[in-house]
Amino acid sequence: MSRWSVSQGCGNSHKALTMAGHGEQLFRGWGMVRPSMRSEAERLRSFSAWPRTCPQPSPVEMARSGFYYLGPGDRVQCFSCGGVLRSWEPGDRPDTEHRKFFPSCTFLQQQQRDPGATDSQILGQHSGEEPDRTWESVYPEMAEERDRLDSFRNWPMYAHGNPEHLAGSGFFYTGHRDNVKCFHCDGGLRNWEQGDDPWTEHAKWFPMCDFLLHVKGEAFIRRVQESLFRSPESSPDSLGSYIYDRSPASSPGSPESWRYLQSSVAQDALQMGFKQSLVASLIQSKFLLTGSSYSSVSDLVTDLLVAEEETHSTESVSVSRAPTRMERSEPPKESAPPLSTEEQLRRLKEERMCKVCMDKDVSMLFVPCGHLVVCTECAPNLRHCPICRAAIRGSVRAFMS
């Protein structure tokens, strides 16, 4: 174990790279260097890129002790004091090493005074007030459990899932098939199967929901997220070639870039059909600029769609401007007349039109296939993507610019 604080060597350059514009002055009174990692669940998610060759301690122990994964290698950083540790060895305990090298850490000191306190309670004591959490629900009219339960009056007989359990877990029935939504975070789930536990699914897909955190606590979310890390499905060896296509055309190009494809968020994007090189590039860029990875598939997909659009625009301009041998050696052929403005607008409107109702604009991205072909009103009626016929597990709202 060796110490590497943010005030030494490479630490200074890293701080200058990652701290600018991320609330250092605002949160200084709280003693937080990385406020975005103040949640234990969020710190645990950062370890999705933790090298599999690294020995213990486990990501769960790291996150519980205030550390999130910084990289490269086995470098971790405390969200509160900014202390960085690396060169972990078997038998090392994160809390012990934290106390050994950074004894003045505010988070560590408060944790020692109140071992049972959650991150949110500790942060509230840092600032002398309640933790900064907005409890503005997306659907405040469904904040009462009895109102959510009333929404299940027309719950289909064929649908799996107990309405009382679903309502108690924050979900209300949307009125379409077996689609439910969380009143607070707007997270939507469908295609319920026998044995699915609403709270577990809530923590699996929407771990940052404040209602979930308030009712179940960080320990529950941590256990659910930890089970995802240990799941055989997350192992590269068990993933199909359609996810990890190692052909030169799609390879990110370097072992360092390959590391960014190990997270569950990256794997979901790859399953949607996005290029490995583009996914790795975006995740790597975000990590270098902010010091953290994407926390949700929707954020990554939004950036991927923008990046693809920019790439296509650049390629079309390059192709139109690049002369070819044929253009220099042969007389130009008659080209089709340019499209009128009205025709261009008609085609653009047609591309953005919902392929089901043929009326409203497309706005819902299906998971896991990634197709964007229907509007908000038509999406709940579908169980399979109309393009590829893949089963729809979830959907993400997309905003067209």
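Positions of Cβ are set from backbone N, Cα and C atoms, glycine also.
These figures come from a predicted structure and were not determined experimentally.
Annotated features, as they stand in Swiss-Prot:
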{"type": "COMPBIAS", "residues": "110-124", "note": "compositional bias 'Polar residues'"}
{"type": "COMPBIAS", "residues": "248-257", "note": "compositional bias 'Polar residues'"}
{"type": "COMPBIAS", "residues": "324-333", "note": "compositional bias 'Basic and acidic residues'"}
{"type": "REGION", "residues": "219-269", "note": "region 'Self-inhibits the anti-apoptotic function'"}
{"type": "REPEAT", "residues": "43-109", "note": "repeat 'BIR 1'"}
{"type": "ZN_FING", "residues": "354-389", "note": "zinc finger"}
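Residues of the same chain lying 6 or more positions beyond the ends of the zinc finger (354-389) and with a Cβ under 8 Å from any Cβ of it are 174-177, 179, 190-191, 268-269, 271-274, 297-298, 301, 305, 395-400. With DSSP classes pooled into helix, strand and coil, the tally for the zinc finger (354-389) is 3 helix, 9 strand, 24 coil. Here the repeat 'BIR 1' (43-109) is broken down by DSSP into helix, strand and coil counts: 25 helix, 9 strand, 33 coil.
Mean predicted confidence for the zinc finger (354-389): the pLDDT average there is 81.
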